[in-house]
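S.K.: Grabbed the feature section from TrEMBL, which reads as follows:
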| type | residues | note |
| --- | --- | --- |
| COMPBIAS | 563-582 | compositional bias 'Low complexity' |
| COMPBIAS | 681-691 | compositional bias 'Basic and acidic residues' |
| COMPBIAS | 784-793 | compositional bias 'Basic and acidic residues' |
| DOMAIN | 478-548 | domain 'Transglutaminase-like' |
| REGION | 562-597 | region 'Disordered' |
| REGION | 658-691 | region 'Disordered' |
| REGION | 759-793 | region 'Disordered' |
| TRANSMEM | 12-32 | transmembrane segment |
| TRANSMEM | 38-57 | transmembrane segment |
| TRANSMEM | 64-88 | transmembrane segment |
| TRANSMEM | 121-140 | transmembrane segment |
| TRANSMEM | 147-164 | transmembrane segment |
| TRANSMEM | 170-187 | transmembrane segment |
| TRANSMEM | 218-236 | transmembrane segment |
Amino acid sequence: MSRDRSALVRRLEVGALAMLAGWITLLSWRALTVDFAAVAWPLLLLGALLTVGGSLARWCRVPAVLVLLCQLLLCAVVVVGATTGSLVPTAANLGDFTDAVRAALDSSRQYVAPIPASVPSVHPLLLIGGALLLLAIEVCAGTLRKVPLAGLALLVIHTVPSALTTTSVPWWTFIAGGGLFLAALFAQHSDELARWGHGAHDSDGNFSMRTGAVARSALALGSVAIALALAAPLAIPTLDTAVFDGPGPGARSITVKDPMVDLRRDLRRGQDVPLLWVSTSGPRPTYLRMAVLANFVDERWTPGDREIPEDQVAVGSLPGLDGVSTSLPRSTHRYGVRVSSDFDSTWLPTMPQITRINAGVDWRYDLATRDFIAAGEDVTAAARAYDFSGVELDYDPRSMDEAVSGITNVRSTFTDLPSSLPIEIRELATQVTQGAPTRYQKMQRLQQWFRQDGGFRYDIDAVDSVDEDGADLVSFLSEGGRVGYCEQFAASMAIMARVLGVPSRVAVGFLEPEGIDGGQWEFSAWDLHAWPELYFPGSGWVRFEPTPAARAGDVPAYTNTDVEAAPESPSPTSSSSTAVPAEPRPQPEDSSDTADEPLLGARGLTVLLVSLGLLLVAALLQLPRLRRGSLRRARLARGIEGVWEELQATAVDLGHTWPHGRSPRRTGAFLGSLLGTPSPARERPDRPRRGRLEAPLAAAALDRLVERLERSRYAPYAPEGSEAARGRLADDADLVMEALVSGVSGRVQRRAEWWPRSVVGSPWGRRPRQGPGVTGSTQVDPVATDRTEELVG
């Protein structure tokens, strides 16, 4: 009994370490909700109950399937209890739990992480996911005794916040979780490691010394592995964000000027200086874009550091439009541009959507933003002339309204929000768009709020109140502070769009030109402007206009259309900004197509469910192997009869048909013909040589087992034997089983290990195949009867 208790302690140790690693890693989910403590403590309790209960059940030899079912029931009770406040599974509680899950799904679709406390909680989803992952860890580390498999669950836990949020996963959860996981690995294999070589039988006390050395080595290796995992990304060149100058082959970063700072400076100038002239036979070239600002850091929008390959030069055709469906109607127009010598810009003004350009090899384009940057320090747009082909897209409001989330279609740069973003901004974005059922209609609400409903006022003098580090967003968006200019309106809408799960960026360029003779258009310093571009799959990057009418008189027609009444082919012309969008059409609450960007969007939820499903399938596939190992240990502990049954099971697993009805000696002869030379599976041929001569040691061991079985069955008195004799019996059994395995190919061995026929099939009642000594007729086999002195066993 003392031995059994020590085994229980060891199992508890391994299970507790693995479970604690899982729970600490789950703390990285704090980024998903502002009050994660309400999730963490129930999951800690559940982890303790799963570990202790599972270890005790397995110690009492409760069947593994029954243990798993009980643990699933325990998970359900804890999750429902933590959600409803009652552990009693009444019909009312189950109804409340179902409602809470539905509300959590709605919140996960409508809000980005961290989910504020002012909306329905997503805790039920986090509890369900956390409980299933903790259960997977317990099954792998406890039931299956495969701690490495538990590492897959830890990986899923660690991946969830990385996939669903834009904040970094806390480094300390990685270190603590990884350290505990390595400790669980060491605890599981400490016995095997301590018995390497002959240390287990050393009479001079070398056993403890070897174990200590192994422990120290494991600690050192684990510490180095974790340290390298943290430090390696810092040393990978592709992650370096430094700005490199000078020529050189391949990709390089190009230093860029700050377009937002230049915009402020130029708007402060009193003189309206002509900067460029555009000629085209197409429509009036409004919203001529210079630069795209995608990075929002420390309340400042910047273009960031760009790494642009040298072959992305501003000459010839460009790749297809980003995110734009080929079925979207469009028209293409030619534009010629002549830049004033006064316009010293490292950015090249073009239309937002172009398919071809001829500006020279001194200019490069960024494939993600489709803006054009000078390739050298001395290169500017001053006194340049170039031409391009611009595309005017005929956007369909209904298509954008029905579009799925675009977060997974773009770089994280277009969705990132700093963790320091004030909660007031998140709550304000939610409040302003409350009731709008789709991402597109929320953006319509935001645009209308900035231009009309929110009481904002455009004032060019507000440029002087903005410092070089960016305006205070909270002050600008608060009542009493809603006075600003185009930069503040564009930047604020882009931030709030990201809060609501819509990828966004800020564009800087020119608003509207003045017409001059000969089909020419002139842009001047007073035309400089900023606006947000939002991403909708199928439509690509779409322009919105939040700046009040005092500056931008019109909004794009597609942004001011009642989606319910939208025509099949909306006009691309602008409309008056005074029209107020009609109330949005009612939508089913559970419509996935009209849901807002999720904490767990369609893709994220699918990835999570698929990961959990794969873990469950992996655990189920381990059950036959687990059952086979349990039966092997039980048989080998029962003496010679159990050993003989184990030899039968091994032969059946390897694809052999057991010769029922034969004596032990004839059965031994059959087994002897199946023995192979012990060798690793990868070095074994597809058809290994077999026979007693191939494994003489195993053949001798088999003879001893046959003799002992005959004595056990037929001798008048068969003593059980000493402890040493039982040890020799186990050694002989190991030799024979190893030789039997070596008599088949590596493929057959793997199949026998993972899908043992003695467990999953019904081989025990099958009769032997026709072969030597066995016929398919009713005639008596003379070979089988010439040894009448043998007794059938």
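Placed from the backbone N, Cα and C atoms, the Cβ positions cover glycine too.
Mind running through what each feature is packed against?
M.R.: Counting residues 6+ beyond its ends, the compositional bias 'Basic and acidic residues' (681-691) has Cβ neighbours under 8 Å at 672-675, 742-747, 749-750 in the same chain.
For the domain 'Transglutaminase-like' (478-548), the DSSP-based tally of helix, strand and coil residues reads 17 helix, 32 strand, 22 coil.
Taken residue by residue, the region 'Disordered' (658-691) breaks down under DSSP into 12 helix, 2 strand, 20 coil.
Counting same-chain residues at least six beyond the ends of the transmembrane segment (38-57), those with a Cβ under 8 angstroms from any Cβ of the stretch are 8, 11-12, 15-16, 19-20, 22-23, 26-27, 29-30, 66-67, 70-71, 74-75, 78-79, 81-82, 121, 123, 126-127, 130-131, 134-135, 138, 142-143.
Under 8 Å from some Cβ of the transmembrane segment (64-88) lie the Cβ atoms of residues 38-39, 42, 45-46, 49-50, 53-54, 57-58, 94, 96-97, 100-101, 123-124, 127-128, 131-132, 134-135, 138-139, 143, 623, 626-627, 630, all in the same chain and six or more residues away from its ends.
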S.K.: With Cβ-Cβ distances below 8 Å as the criterion, list the same-chain residues six or more beyond the ends of the transmembrane segment (12-32) that contact it, or say none.
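M.R.: For the transmembrane segment (12-32), the sequence-distant neighbours (Cβ-Cβ under 8 Å, at least 6 residues beyond its ends) are 39-40, 43-44, 47-48, 50-52, 54-55, 113-115, 122, 126, 130, 133-134, 137-138, 140-142, 145, 147, 150, 153-154, 157-158, 160-161, 164-165, 167, 169-170, 173-174, 176-181, 183-184, 187-188, 419, 599.
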S.K.: State the mean pLDDT for the domain 'Transglutaminase-like' (478-548).
M.R.: 91
